[in-house]
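A.B. asks: My structure is below; once you've seen it, I'll send some questions.
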Amino acid sequence: MSSLSGKVQTVLGLVEPSQLGRTLTHEHLTMTFDSFYCPPPPCHEVTSKEPIMMKNLFWIQKNPYSHRENLQLNQEVGAIREELLYFKAKGGGALVENTTTGLSRDVHTLKWLAEQTGVHIIAGAGFYVDATHSAATRAMSVEQLTDVLINEILHGADGTSIKCGVIGEIGCSWPLTDSERKILEATAHAQAQLGCPVIIHPGRNPGAPFQIIRILQEAGADISKTVMSHLDRTIFDKKELLEFAQLGCYLEYDLFGTELLNYQLSPDIDMPDDNKRIRRVHFLVDEGYEDRILMAHDIHTKHRLMKYGGHGYSHILTNIVPKMLLRGLTERVLDKILIENPKQWLTFK
């Protein structure tokens, strides 16, 4: 679209790409995660229902999806405002808010947060995984889904005039469902018409990212403007990672700060820690993919906020970047990952 071409679309309107600065490409500021509540371990039911307190924070850190209050990030708008001001003070400029239909997207709150903090916020269009799809969503054709995505970018989301600036995160399960496949095809069709950025949440299997890219390609997507999220919990084998990198999408390591003994959403996966993430990013840089890497935290629960002793949205800037420099990555490369790559991805063609 000519009016969008060369611009980035935030919840406050179009901006020049050069205005973004350091950008986190996969975060949540207001959402609910009730659909993914996990029953607590035996004899821990009482703790799971307590308010979040200092004495149970350690338990919540180990069982984040078994505490119902922890899944209500939408209750912390004031704390999020303070976090974004801190993020800006530490050198942050922009943030992509990946909450889509099914996770209680709230574009009014996103607009308020952008106005209050001066942080550029880009909202996400589309649908999360099948478990959150309504009967109406499942009944839609690819053409109808395409129209929904285009409308959320050109006219506004959720009955408002507040426009999304990316499609995604588009949720995919493993195995992929029929409804998710239709939405992927609609995503490709909408992207082909709009020239917009796309971001994908893959299923928790090493084959999922490959399958998703293939479906998008066959439906006409621009893979060079597509992000594959959560690679830190999805592709572990280096050879397999390089095979995937050759497909040309952005490679996102977006779980910085998440260091779990037990990954409740997929217990067979051993979640890497931040040192392993840093080594994996370094590996991709050494292999020539510095222009394809993106980083974020994917905060979506209360316990990861600074208010509750968590790392917050400034963790990458205050802790990860210094460690990366210590490990031999250069300022130039880190500026590429945090400034240039997000800018290139978020700019409409």
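Quick reminder: no glycine exception, Cβ is built from N, Cα and C everywhere.
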A.B. asks: Select one of His155, His189, His230: the residue that Swiss-Prot places in the divalent metal cation 2 site alongside Glu169, His201.
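C.D. replies: Swiss-Prot names His230 for this divalent metal cation 2 site.
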A.B. asks: Filter the binding-site residues His28, Glu169, Asp298 down to those whose C-alpha lies within 10 angstroms of the C-alpha of His230 (divalent metal cation 2 binding site); answer none if the list is empty.
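C.D. replies: The binding-site residues close to His230 (divalent metal cation 2 binding site) (Cα within 10 Å), listed in sequence order, are Asp298.
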A.B. asks: Please determine which of the binding-site residues listed here (Glu169, Asp298) has the lowest count of neighbouring CB atoms within 10 Å.
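C.D. replies: Fewest other Cβ atoms within 10 Å, among the binding-site residues Glu169, Asp298, is found for Asp298.
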A.B. asks: Neighbours of the divalent metal cation 2 site Glu169, His201, His230: Cβ within 8 Å of the Cβ centroid, same chain, sequence order.
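C.D. replies: The answer, listed by sequence position, is His26, Asn98, Gly168, Ile170, Gly171, Cys172, Ile199, Ile200, Pro202, Ser229, Asp254, Asp298.
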A.B. asks: For the C-alpha pair, I'd like the distance in angstrom between His26 (divalent metal cation 1 binding site) and His201 (divalent metal cation 2 binding site), rounded off.
C.D. replies: 10
A.B. asks: Taking the centroid of the Cβ atoms of His26, His28, Glu169, Asp298 as the divalent metal cation 1 site, which other residues of that chain lie with their Cβ within 8 Å of it, listed in sequence order?
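C.D. replies: Checked against the 8 Å cutoff, the neighbours are Glu27, Val96, Glu97, Asn98, Thr99, His201, Ser229, Asp254, Ala296, Ile299, His300.
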A.B. asks: List, in sequence order, the same-chain residues at least six positions removed whose CB sits under 8 Å from that of His201 (divalent metal cation 2 binding site)?
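C.D. replies: Non-local contacts for His201 (divalent metal cation 2 binding site): Asn98, Tyr128, Val129, Gly168, Glu169, Ile170, Gly171, Cys172, Ser229, His230.
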